[in-house]
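J.: Right, I'll just put the structure down here and ask away after.
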Amino acid sequence: ATPSPAILYGLCSCEQTNTDGSLAYGCLAMDYSPEITSITWKKDKEPITTGLKIYPSVLNKKGTYTRSSQLTITESEVGSSKIYCEVRRGESLWIKEILDCKGDIVPPTVILTQSSSEEITSRRFATVLCSIIDFHPESITVSWLKDGQPMDSGFVTSPTCEVNGNFSATSRLTVPAGEWFSNTVYTCQVAHQEVTQSRNITGSQVPCSIGDPVIKLLPPSIEQVLLEATVTLTCVVSNAPYGVNVSWTQEKKPLKSEIAVQPGEDSDSVISTVNISTQAWLSGAEFYCVVSHQDLPTPLRASIHKEEVKDLREPFVSVLLPPAEDVSAQRFLSLTCLVRGFSPREIFIKWTVNDKSVNPGNYKNTEVMAENDNRSFFIYSLLSIAAEEWASGASYSCVVGHEAIPLKIINRTVNKSSGKPSFVNISLALLDTVNSCQ
């Protein structure tokens, strides 16, 4: 057989650092034949000999091999140096620089809103809501100032929530009416990735219009599209006035929808959802969210539809077994599911053990990343399992859903005696099983 060169991928942990302050790097060598001689690491030009794990080779279905290595190193040891992975076979040498992958930084949009003067008078307190929208990464710090001085009470900041890969949060300040109408200036400060944004509001100001409502439409999840007969579209209307009406249409045909969240004393947002058939969504039909109110000259409309996919590529799925030395020496083991070569980027990964769903808290999926050709994507999932469960012969399956897969779902199953993973197309009966485990 003709020798095949190794294709190298650089990987890094989902979090910027582990709990002990260390960083985890991964080197994945794929599609090579015959076997490689070694995988080594270097910091600049100096060899690294500690903190390494070398995993066994896996023979792929097409006769080539996959092998990986993991490096654990502290942030101070890395410093400003470059980390390289080197793969050698005879006189052939392949080198990959492992780049930092903290992800794109998306600064938040910060919006400050207040309760009406009528509400303040009747309730005897004012509510100010600081909305922090669409930021990445997750870590933020929210603080409040009163006439430029830090406040240590009177406000509550909600936990962040994730929507489509970015994060949002709110912080609510409650002020007695007497203080609010005393010409005091309140400031919401949001610190994110070394940048601080400030928004001010003055208590004596008479509330007035703060602009038209803003509409944001959210598509259904890929898991819902692949596994369910109906899917849910979501319309988020921020800056919504009291008494706003939100409705849905398909072209000009009205649809039955539900209001999930109404505007109240601590929010100016309305969330409306509508359930449609999966077939209608896949057809590319246009769906409209319509916002109307007596203060709007004409209703506001926003539309959403499934984008046409011109480059459909089926994913290649492989599972990397734990190293033999870990099986006998560690209390917990890791299984890695690599999914690559797919397009479009929408995909989901789950794990099952003995055909039962694994708690999502036991595994982590990376962000979807572009491959070298920028036309296909890859993602990997790391499952943590107890060594005694692995030793008992339990079967673990990486379940992958993508629209390019003929039956929409495939899995790869391994156990301690399987030697090498088996590739399985899930039957329609198993689809029902997976769906029932949502």
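FYI, residue positions are counted from 1 along the chain as it appears here.
Every residue gets a Cβ built from N, Cα and C, even glycine.
According to Swiss-Prot, the domain 'Ig-like 2' annotation covers 108-202. According to Swiss-Prot, the domain 'Ig-like 3' annotation covers 213-305. Taken from Swiss-Prot, the feature domain 'Ig-like 4' applies to 315-415. Annotated N-linked glycosylation site per Swiss-Prot: N166, N200, N245, N275, N374, N411, N415, N425, in sequence order, evidence recorded as sequence analysis.
Just tell me what is around each of these and how deep it sits.
T.: The average pLDDT for the domain 'Ig-like 2' (108-202) in the predicted structure is 86.
Helix, strand and coil residue tallies for the domain 'Ig-like 3' (213-305), in that order: 11 helix, 49 strand, 33 coil [DSSP].
Neighbour count (other Cβ atoms within 10 Å of the Cβ, all protein chains): 16 for N166 (N-linked glycosylation site).
Annotation note: N200 (N-linked glycosylation site) sits in a strand segment as assigned by DSSP. Its Cβ taken as reference, N200 (N-linked glycosylation site) is surrounded by 12 other Cβ atoms within 10 Å in the chains shown.
Neighbour list (N245 (N-linked glycosylation site), Cβ cut-off 8 Å, at least 6 residues apart, same chain): V291, S292, H293.
Cβ-based neighbour count (10 Å, all protein chains) for N275 (N-linked glycosylation site) stands at 16.
DSSP assigns N374 (N-linked glycosylation site) to coil, not to a helix or a strand. Listed in sequence order, the residues of the same chain lying 6 or more apart from N374 (N-linked glycosylation site) and placing their CB within less than 8 Å of its CB: none are present.
Around the Cβ of N411 (N-linked glycosylation site), a 10 Å sphere holds 24 further Cβ atoms from the protein chains shown.
N415 (N-linked glycosylation site) falls within neither a helix nor a strand when secondary structure is assigned with DSSP, and so counts as coil.
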J.: Closest to N415 (N-linked glycosylation site): which of the glycosylation sites N166, N200, N275, going by Cα position?
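T.: Comparing Cα positions, the closest of these glycosylation sites turns out to be N166.
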